[in-house]
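Right, one structure below, let's go through it.
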């Protein structure tokens, strides 16, 4: 009987002991959980059953909207030959993860948590123009807010293909696009939007390093929706147009100014006398110096397989003008240095150059004043050559100055007896020498007069070609300066 009473009492007390043990165990567990940091408890709570391979939406029909933003930090390089632009941007993207939401009151009012990027789902948004992997720092974490908003901030070194137009170099403006799009998901799964207003993105230069060769004019944005050729569906993409302009001061100093100075020196070289040989050697030296200058600056000029900058055409034309100037100088020197082998100036050439062209260039008075002393010198030479002396003495000699005619003349006129034969022969020899001297002086003066005529023709042609050359250089320079000014301030 007593045994039965003990068993009954034990049966009544056992459930009570078990209940107290459970209560004690729960209290111990709660005490143990309360000692863990809230960040750990929140991280374990969010990632306990999380699957990063599944798009984070509860309704699969609902697309995930990714808001993106980009700020240009620096223009690292512009490779015109390979058509590649390297930029450094601050990239930000935001999306809502419906599986990363919590109540801040349950976790010490934590509203924001950093989570490893490898532990959650991340949209596969890439840049279509990527041609190389940049050296971007690895940011292994993202921020998550309690509403489920994920913030992914990371700097990117972007190496992209860009169609660079170098025709206006060094006053060129380039427009390169960065197209952000999902590589796999259609717009029904991932949609893309702009995080900030387009006006703010366009004028944001707050972090741009503005000390380099390129100046950032603005960043334009455009949203597009396109379909692929395989009809997999429509894809959303956001384009950022990076508009940059080259600073031309360095190239103007190193390329344009030396070329301009050499052309000015070539123009000044026309003031050397056309009958001097120094002008030819001067022009050849100048042409050689310009060739060396082009060799030095050839590495500075951009080059592509599809286009040539206008400044290269400018250098080629300047070289051609120097060659034309040298050819003109050689022609003029050839005209004025024919010496005794030259023929008299043809009448048609004399009329065309010394009358028509000289009158057109207002050079008539200069030619008249230049010709006066020559004519006066010729008159003096004629007087000195014995033109008045020989007729007075020529009657005393025959054709060769013989004494026969002199004797006949003396007898016919009743003159005094002739001088001795030796004196007559000496006089005739003297007259013959005077005649030879006169003939030589006349021939030399004729040659000099022909040379002076050719010199006058060469001088007029030299002034004509100089003015034509000067007009060509000025017209070409004004055209290029106008084009470059329009491009620079457009």
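Cβ atoms here come from the backbone N, Cα and C positions, even for glycine.
According to Swiss-Prot, the features are:
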DISULFID  162-176  disulfide bond
CARBOHYD  33  N-linked glycosylation site
CARBOHYD  109  N-linked glycosylation site
CARBOHYD  175  N-linked glycosylation site
CARBOHYD  191  N-linked glycosylation site
REGION    401-422  region 'Disordered'
REGION    426-462  region 'HA-stretch'
SIGNAL    1-19  signal peptide
TOPO_DOM  20-249  topological domain 'Extracellular'
TOPO_DOM  271-285  topological domain 'Cytoplasmic'
TOPO_DOM  307-312  topological domain 'Extracellular'
TOPO_DOM  334-467  topological domain 'Cytoplasmic'
TRANSMEM  250-270  transmembrane segment
TRANSMEM  286-306  transmembrane segment
TRANSMEM  313-333  transmembrane segment
TRANSMEM  468-488  transmembrane segment
Rounding to whole Å, the Cα atoms of residue 176 (disulfide bond) and residue 109 (N-linked glycosylation site) are apart by 45
With the cut-off set at 10 Å between Cβ atoms, which of these glycosylation sites ends up with the most neighbours? Options: 175, 191. 191
With DSSP helix as H/G/I and strand as E/B, how many residues of the region 'HA-stretch' (426-462) fall in helix, strand and coil? 37 helix, 0 strand, 0 coil
Distant-in-sequence neighbours of the topological domain 'Cytoplasmic' (271-285), which means Cβ under 8 A and at least six residues beyond its ends: 322, 325-326, 329-330, 332-333, 336-337, 455, 458-459, 462
What kind of secondary structure is residue 176 (disulfide bond) part of, going by DSSP in three states? strand
For the topological domain 'Extracellular' (307-312), what's the mean pLDDT in this predicted model? 86
Least buried by Cβ count (within 10 Å) of the recorded positions 109, 162, 176: 109
Could you count the residues of the topological domain 'Extracellular' (307-312) that DSSP puts in helix, in strand and in coil? 3 helix, 0 strand, 3 coil
From the DSSP assignment alone, can you count helix, strand and coil residues within the topological domain 'Cytoplasmic' (271-285)? 9 helix, 0 strand, 6 coil
Cα-Cα separation of residue 162 (disulfide bond) and residue 175 (N-linked glycosylation site), in Å? 8
